[in-house]
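Q: Per TrEMBL, the features are:
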type     : residues                                                                          : note
BINDING  : N11, E386                                                                         : Mg(2+) binding site
BINDING  : K18, H210, L211, G212, N213, G214, D284, M285, R286, G332, V333, G334, E335, N336 : ATP binding site
REGION   : 43-62                                                                             : region 'Disordered'
COMPBIAS : 50-61                                                                             : compositional bias 'Basic and acidic residues'
BINDING  : R93                                                                               : substrate binding site
ACT_SITE : D150                                                                              : active site, proton donor/acceptor
SITE     : H182                                                                              : site 'Transition state stabilizer'
SITE     : R243                                                                              : site 'Transition state stabilizer'
Amino acid sequence: MTGATRVLVLNSGSSSVKYQLLDMRDEARLAVGLVERIGERTARLTHTPADGRRRERELPVPDHGAALRLAAEELAADGRGLDSPELAVVGHRVVHGGQSFTEPTLVDDAVLAEIERLVPLAPLHNPANLAGIRTARALNPDVPQVAVFDTAFHTTMPEHAARYAIDVATADRHRIRRYGFHGTSHAYVSRRAAALLGRDPSEVNVIVLHLGNGASASAVAGGRCVDTSMGLTPLEGLVMGTRSGDLDPAVVFHLARVAGMPVDEIDALLNKRSGLLGLCGDNDMREIARRMAAGDPAARLAFDVYAYRLRKYLGAYVAVLGRVDAVAFTAGVGENSTEVRAAAVAGLSGLGIEIDERLNSAAAKGPRLISPEYARVAVAVVPTDEELEIATQAFALARPR
Ligand code: AMP
């Protein structure tokens, strides 16, 4: 590989910016950093260069632009600033690409305007992503910027999976449909699961369970997403750390009419105070497992509701795909929780889905199979790496420079 080989990946959340600098010759991380609590009285920056010597600072950081300038300063202090000739491209995670963006896209003014037009669909995230892109562009106008959309992988969903059964004119006017999220992770993990089976992604059908603090499932047929559990927003689907996942939409009317809650409060209730946290007061699966082992009934109920929803989606996606070659667990809970993996597939041996207890509880890292050899469906743990996937996609677009 000749020429510039470094990629800066930026992931701007509602109040944080995560960044990684990768060298695509060997996919090495040259720096990993995080600016959190943006907009609060004091924000915190953590920057770890390749030598592992972590630097931390606490200081006021008013907005995402300031956060990125700070990250750029830290990178420059390592001799790897945004003006380095080694920097090939900046890859930005953009949460919502609507129906407009079906693949990673080189950013120009028209692309920025379209991401802006999609702000009503992701009011907390797209503005943060836009600020990141604009600041990175201002810091070095010569480096290409690539937007990698969380929704893009799901744009292959057929219309019957993407549509809600509501009035079509109303839905279209307000762009209401199922978009799905975590697409970068679902794309990466489904491909890695195929590789683990020694097969081409186009030959296999995979169910991916991305179980982090946010959680989503997807059904991937021959490398293309055909359904996913998140919808217009990341609230639909599985039970998550703090989100309810699926519920009767009339619960919202009930909370408004009977409980007298304003819409913003209902939004906060369902997104921030529901899910595992709402059921038992904790959203960290490690703590829930510990409490459950100590006989705590609220933790047990939270775990059971979580696992039951997962099993329902697994069953549903078996029906969607017809034939399943692999089920892949990923993200914080999926990669680490032996208990959740066991409970998610409990009783599904009739569908060919089962795990080997010894393999499931073995302390291991990296992609691995946890199903018995005779099982019809391979069950796998596949660590996700969204930053690497964003870097790979951005680098592929920027290479001809
Ligand atoms: P993520 O959003 O992918 O970073 O996942 C974060 C979540 O993963 C945390 O809220 C924990 O619930 C869960 N998690 C992380 N490590 C473990 C572990 N060792 N065992 C169980 N759950 C874990």
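Just so you know, glycine gets a Cβ as well, placed from its N, Cα and C.
No curator has checked TrEMBL annotations; they are predicted automatically.
Quick caveat, the model's predicted, so the values are computed rather than measured.
So where do these features actually land, and what's packed around them?
A: When other Cβ atoms within 10 Å of the Cβ of E386 (Mg(2+) binding site) are tallied across all protein chains shown, the result is 23.
A sphere of 10 angstroms centred on the C-beta of V333 (ATP binding site) encloses 27 other C-beta atoms.
Only residues 6 or more beyond the boundaries of the region 'Disordered' (43-62), in the same chain, are considered here, and those with a CB under 8 A from a CB of the stretch are 28-37, 70-71, 74, 78.
Counting residues per DSSP class in helix, strand and coil order gives 0 helix, 5 strand, 7 coil for the compositional bias 'Basic and acidic residues' (50-61).
In this view, R93 (substrate binding site) is surrounded by 22 other Cβ atoms within 10 Å of its Cβ, with every protein chain counted. Under the three-state DSSP scheme, R93 (substrate binding site) falls in the strand class.
Annotation note: D150 (active site, proton donor/acceptor) sits in a coil segment as assigned by DSSP. Around the Cβ of D150 (active site, proton donor/acceptor), the same chain contributes R93, V94, V95, H96, G97, F181, H182, G183, T184, each under 8 angstroms and 6 or more positions distant in sequence.
There are 26 other CB atoms within 10 A of the CB of R243 (site 'Transition state stabilizer'), with all protein chains counted.
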Q: If the criterion is a C-beta within less than 6 angstroms of any ligand 1 atom, which of the binding-site residues R93, N213, D284, R286, E386 pass it? List them in sequence order.
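A: Checked binding-site residues vs ligand 1; flagged N213, D284, R286.
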Q: Nearest to K18 (ATP binding site) by Cα, among N11, R243, E386 (recorded positions)?
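A: With Cα distances computed to K18 (ATP binding site), the winner among N11, R243, E386 is N11.
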Q: Taking only the residues the record lists as binding ATP, namely K18, H210, L211, G212, N213, G214, D284, M285, R286, G332, V333, G334, E335, N336, what is the largest Cα to Cα distance between any two of them, in Å to the nearest whole number?
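A: Of all Cα pairs among the recorded ATP binders, the widest measures 24 Å.
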Q: Of N213, D284, R286, which binding-site residues come within 10 Å of R243 (site 'Transition state stabilizer'), going by C-alpha to C-alpha distance?
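A: Those close enough are N213.
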Q: What does the structure give for the C-alpha distance between R286 (ATP binding site) and E386 (Mg(2+) binding site)? Integer Å is fine.
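A: E386 (Mg(2+) binding site) has its Cα 23 Å from the Cα of R286 (ATP binding site).
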Q: Would you count the other CB atoms within 10 A of the CB of N11 (Mg(2+) binding site), including those on all shown protein chains?
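A: For N11 (Mg(2+) binding site), the count of other Cβ atoms within 10 Å is 24.
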